[in-house]
Amino acid sequence: MEYWNSTLGSGFILMGILKDSGSPELLCVIITVLYMLALTSNGLLLLVITVDSRLHVPMYLLLGQLSLMDLLFTSVVTPKALMDFLRSENTISFAGCALQMFLALMLGGAEDLLLAFMAYDRYVAICHPLNYMVFMRPRVCWLMVATAWILAYLNALGHTFYTMQYPFCKAQKIRHLLCEIPPLLKLACADTSRYELLVYVTGVIFLLLPLSAIVSSYALILFTVLHMPSNEGRQKALVTCSSHLTVVGMFYGAATFMYVLPSSLHSPKQDNITSVFYTVVTPALNPLIYSLRNKEVMGALKRVLGKYML
């Protein structure tokens, strides 16, 4: 079999989802609107959390980090996909593909872990309110954030290096929205079964273990909420937690399908739809889910916009 020499070749060809759709122009408009919504909503949420001192508490520090990750994650993928479609040029260099894979893996992995830390934050706030500022003091909070970024960075670096060292076949077409491990391994001209097992194991570690921690936290939260004497307190706790669970369901569902399910259950069309969901749709909806149902965030947003618009 003839191999492709990445130093001489022009790179890969990202087929994406736009070319294969029945109405590519309409889909391009929808993705553009979602991307602009993600930029605006996450940017506003970051601004509000940074400027309003009333939101300088652990819950909103973690929420601000989530907005930052979503903002960067969607920007790694969406602008290139849209520009490729508009220019009818779908190529990406070998180095560009490696960089995109590294950034997507790092940001996705960091978000996986951060969502678990956010569940722990809600657990402490609701189940141990008197000790909240002890368990979630600033040093602990920043340690959580640093842990999410560092572990995700190391995981992404290892996977990117190992994936890109494979020899790839002359067929350079990646039937996917971005450079990710599963579609790239289909182009490898070598046995990747052991590495696919490693991808599965790390997928379990970065997805299912944090998800188990989230489910456990919310099971304890639900038990505590049901025994609350105050209906107002019960309602506030349920609203806050339901927002987080909605985000968890959207992100973990798509990521688990991509990285934990066996490759035999995947198809290029399903993978493309899944990748659009967690790189475009979820980053656009996350800040809306958190802010529209949160009186503190909406109040802070009105104060900040009123201050800068007057």
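Including glycine, each Cβ sits where the backbone N, Cα and C put it.
Positions annotated as domain 'G-protein coupled receptors family 1 profile' by TrEMBL: 41-290.
Residues annotated as transmembrane segment in TrEMBL: 24-48 (among others).
Annotation source TrEMBL lists transmembrane segment at 60-78 (among others).
Residues 59, 62-63, 65-66, 69-70, 72-73, 76-77, 80, 92, 144-145, 147-149, 151-153, 155-157, 159-160, 163-164, 178-181, 184, 206-207, 210-211, 213-214, 217-218, 244, 247-248, 251-252, 255, 278-279 of the same chain sit 6 or more residues outside the transmembrane segment (98-120) yet have a Cβ under 8 Å from a Cβ within it. Feature annotation from TrEMBL assigns transmembrane segment to 98-120 (among others).
Summarising the annotation, TrEMBL assigns transmembrane segment to 140-158 (among others).
Sequence-distant neighbours of the transmembrane segment (197-225) (same chain, 6+ residues past either end, Cβ-Cβ under 8 Å): 109, 112-113, 115-116, 119-120, 122-123, 126-127, 152, 155, 159, 162, 181-182, 234, 237-238, 241, 245, 248, 252, 255-256, 259-260. Sequence annotations record features per position, and here TrEMBL assigns transmembrane segment to 197-225 (among others).
The feature transmembrane segment is assigned by TrEMBL to 237-261 (among others).
Residues annotated as transmembrane segment in TrEMBL: 273-292 (among others).
If you take every residue in the domain 'G-protein coupled receptors family 1 profile' (41-290) and average the pLDDT, you get 86.
Residues 31, 35, 38-39, 42-43, 45-46, 49-50, 100, 103-104, 107-108, 110-111, 114-115, 117-118, 121, 141-142, 144-145, 148, 177-178, 247, 275, 279-280, 282-284, 286-287, 290, 297 of the same chain sit 6 or more residues outside the transmembrane segment (60-78) yet have a Cβ under 8 Å from a Cβ within it.
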